């Protein structure tokens, strides 16, 4: 009996020791990273410039004064032994830690130092053809375009029912109320509050963007908050990273020090690469530069239905791997034979070592799209696009075989009244100019019912082929023969030499950190596709008459009671 008790005690001791060792192994990278930062002499483990010869992690660890938190034997073993990791389509929802004020201050000091020395500037091989679209000194096509009367039409007076949020501007910004409920602080109670002010002007730019959303637009023309928000997307310190659930390809949710969030899509193709001809539209890559260009195109068309997007050069080591607590993401990092840092995450397509995302040596381009308000605060309704493709290798959708398909759509709510059908035509033109075939659903804000605009989300599969115009994207326009007068006039304006679409796009894209965003063939393709859109509308007008095709939305009375003719 005594031996049996001793045996039980021994088994318990072994179990406790094993648990302790397991906990210590899991906490080792975190403890070492904290130890490295507490010395006050820590530096980025990949602090060398891209132009310098990349060093291996092992050499960096041996270097005096280098950050001791990464790598170590444990982490190197995990990162390099990726062959037995189970592939999964699931994504994780890890808790993310908001870093301390000391780290934030240090990050801003480094950012200012790099900006003064020009070290953060990305150097590209400039396309010589892009130069011809640069604005002449003292004259900019873009500013002239935005001064045109068509871009100065006023919105109807806004009531409380027309704004997404009814804000008391005397209330101080509370970061805890603004946080996504999936993200929590762990032991860090630091708050981000306005400095001595309580007005709405002191709110973070992402919050001011959310407050400005109304029934007719995501943001107003010439809104200074947009430029400030775009600047935040490329300069705010990234405090946490996690993989986004859903979707077919890897996307990361990045949280900034001011509690704003953005969706990061990493670079998968060079600007010169086109979609392979044997690829189906539903298996095409999602391109980061397409997301950036879509935002600028949407603004030039005066839709203002794409959330702000900016390009950013991200340090994969410091700004992704070292700030995530998502083990499924963290374990997919490894060092390539070329001494570049790579990772692949988890998703349905292209998340494997064969399709890993690699830096140069640890820098990677990507697009950052500002988040819309949390669904708990502003619900959105998801609608199936009537002209959705079959997403099948052999089957065709109904609209592809029925030339009278639009007549059925016109009799179906919400397309039988209001401006929804006309908004679908706007979206069709927008997608055709980009060459985007992947528009299966769209969203609207639930508060505004059916009398509101369509949000143009998820544009990463645009700008895939500059040598091919996919005319099937224009089928909704050719079947319905309907368009807003404002849209029609702006398209005609952008076809003129002084407001040439490719030229104003090139000028607008110069503002992005990753310029050139598009190569010249893609810009030229937009001019060519614009002529095709106008040709389809001209044929419709000739066949059905101008008044039956063009809906006058510029008249003040019709702006309030717009009802599509059927």
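Just so it is clear, glycine is given a Cβ too, placed from its N, Cα and C backbone atoms.
TrEMBL: automatically predicted annotations, no manual curation.
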For this session: Select from 7-25, 26-44 the stretch of residues annotated by TrEMBL as transmembrane segment.
Result: 7-25
Exercise. According to TrEMBL, which stretch among 132-154, 155-177, 178-200 corresponds to the feature region 'Disordered'?
Worked result: 178-200
For this session: For each of the binding-site residues (370, 372), count the other CB atoms lying within 10 A of its CB, then report the residue with the highest count.
Result: 370
Seminar exercise, completed: All chains considered, the count of other Cβ atoms within 10 Å of the Cβ of residue 286 (ATP binding site) is 25
